[in-house]
Amino acid sequence: MKRLLPLSQSSSSSVRKMKSKDSNYDPNIHRLPWYGGLLLLSLVGLCGTASYFSFFYLPPALTEADLSRHPFAFNGARAWNTLTRLDALGPKTTGSRANEVLAVEVLEREFSVINASHHPSQQVLYEKQIVSGQYGINFFGSQITSVYRRVQNLIVKLVGAEDRHALMLNCHFDSVASSPGASDDCGSCAVMLEILRVLSRAPERTRHSIVFLFNGAEETPLQASHGFITEHRWAREVRAFLNLESAGSGGKELLFQSGPQHPWLIEAYSRAVRHPFGQAIGEEIFQSGLIPSDTDFRIFRDFGHVPGLDFAHIFNGYRYHTRYDSVQYLSPAVLQRTGDNILSVVRLLANGNQLADSDNRSEGSMVFFDFLGLFFISYTAVEGMVLNTVISIAGLVVGCWSVLSIVGWRHWRSMGREVLNGFVATMVGAGAAIGLNLVTAYAIDRTAVRSMSWYSSCWLVTVLSLPLTVQARIVGVVLFWSLITIGATAYGLRSAYIIAILLTLSLFSTMLITLLKLQFFPNGYWLIIYLLVHSVSLLWTTQFYHIFTNIFIPITGRSGANDNPDLIIATVAAACTIFATSFFLPLVNLVRKPYRTIGTLLALFLVALAIATASPLGFPYTGPGTAPTDAPKVQRILVQHTVRQFFEPNSTQTVRSVDGGYLFRLWDRHNERTVRDMLGKAGGKQALVPDELPECKTEVFCGMPASAIRFSSLWSPQANLPNTPEMTQLELNGWEEHVHLNGSGSSIKLTLSLNGSFQSSLLVRPRRHVTLRGWNLTPEVPARLVAGGHKAYFILITHGLAGDPVSLILNLETDENLAAPLVDISVTSNFWEYQEHFTEDFNRFVASFPSWAHVVPSVSVVNVYSF
């Protein structure tokens, strides 16, 4: 340990070499009492708590009593009333009566009230768009052809004084199965309705028009927004958009995507918002694919080529896409904060020059961030590159100059050696912190079988990393972070700003201490200045701890079963802890008896490890409590009661075999264990990995429902078949064959139609020596979906309102004269919110799961054809 001590505590020989020319210099002036280390830890905890409360603070909502005093302010209570009416409808899957009829009725009733009460100077237009279309998209690494039929968009236009350019606001009122979608995304729709109500009652029109898009097919995914931006005439007027989304359940709305380019949008947000909450690092994380989610922002950007801002509520991701995403766990304050911010941005853009001049202001990306919601800072990416580089170099230069000005410039070689030693110690300490965290996480998962112990007790993450970062040394910390900042900047990462701010505060404290010449005083004034300035840095750094843990911990409950989430959280926890405490932990070495502090941290680590591996607190999940504040943290279980029908070749009527079973999608690390336990209690039913089925050698993706393709799954054969309505059927309408002139091979045109109005998916697999040259869905044939050694073209089909059959034309080409069949087609039909038709056995099985499990049951029909 002696070699790793900071400069003031290095060996006596080094001290003699660097002895000051000033007689007041004392190598022991920085000594702290033995409890100084605990005080330093208390300071870290105090600042972390302050940033925590700032992170979760929401301003109180206006009430209906405030309407007369603030008629043109956003009123959270009035928006809340709208949300409760939408929430009362329950789950609103696309194609369901709740979504296509009841939700539309609620929204249209609101539109009627707004239209009846608008100011005479305003013009409010309403259109319902029923739209069909298709497009290709890469969704989380899988190439999908997305087909939608008769999905609904409800569109309101508040006509501006000029009415040539428009700002668009977007939300979606549909939800996933078994979730009311209060936060995702009915709350956003309630916010938009209140903004429309406030603006429509203003005595003067805004300069530009405002389009309010309430889309009814986002979870399918992202289909209704495509229908609007590519088909509706008002879309041609849109110059920018604000997309209101949710990746959690309540809390602050995070600005996490902007542009692309168009820096004026960030500038407008900076000028307008009352309660800023935005981080450029969120954009880079989201667009990297680390978060298993997407928004309509992508559709407007890629298909409409329109710039915008993307907002999402990120808190309490445990409730995201579950039955607990309801008004029971939200509050009007959530809507009030979002409404205040969005209304301010809308007013600024709708009355400014930006929309009319957007094409001429499209260059450049922005670095942007807020500080504890108190203020918002933004600057261009180019300015960020310069600032990052200058601050990194200045921190090193000023730090070295501050020390050498005391000990004498002739000792620069000794100074260089100490900086290098400190840098190496910091790098090794950081590596050890992350490495040992990963080893601990791996051991907990493999030996104790208690991975995800932090899922419901996230405080366990906090103490896991602290004892592993004490080797950091203050001498090399600036060099360590400077190299990372310069490297990230050179790589083009705008998120390097989060380290640059930390280095800026370090530079400020060093300059202040140096300019005041506090190093000459043996009373420790330098340490007071150092702690005061770096307390601000703690507020800055700990807020990212809260952000990252709030994002990544809930996501591990839906990120799949194959990867160990403990490794992800271990890395995040260690990195955030090092980032937050690297400028503080070296001060432990100034304590007279540092082993007491280190021993305290080690004891906390061992206690946390024991709790995680041996106590009930280490169990990952919790069910609903007795009060709304007892938020559940559930395990997700998706089970599809499935019937599989295999048809004779070239036939869509004659079935050669039928079987049934339960298909389970494995959402997290413990899903398989839970599923096998529940099947055992239900009579010892077996559970197989689909790849183990014998039909995997012949059938498209083992004859499984399409949901089993991209995710880990289990299949449990069942004797009882599900109750199903008239199923979606594939019909062969035509077969045209043209033999090649050389007699080798032929071209075949297959014309098929898919009858039925349910959510469906198709897998099209040409056989060997057969190529799909074209089809009628997209101009070019996309890449095939590849999984588990199988390859097929994947088509996702969604119906909103019932409509005509979907036509499918396949242009096939063979290399040689082949006998049929040439192509295999699997059609999966999904029936969501179908509880009234479940079999008794299936109902009992679903009800048998514990309260901490969120079960999403459905019925699926798989029809497998060959032609």
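Glycine residues also receive a Cβ, built from the backbone N, Cα and C atoms like all the rest.
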1-22, 639-660 - the one TrEMBL records as region 'Disordered': 1-22
Per Cβ pairs under 8 Å, the stretch of 34-58, 419-440, 474-491, 600-619 packing most closely against the transmembrane segment (567-588): 419-440
Positions on the same chain near the transmembrane segment (34-58), where near means CB under 8 A and six or more residues out: 251-252, 315, 331, 333-334, 336-337, 372-373, 466, 531, 535, 538-539, 542-543, 545-547, 550, 580-581, 584-585, 587-588, 590-594, 596-598, 600-601
Residues in the domain 'Endoplasmic reticulum metallopeptidase 1/1-A TM' (478-610) grouped by DSSP into helix, strand and remaining coil: 112 helix, 1 strand, 20 coil
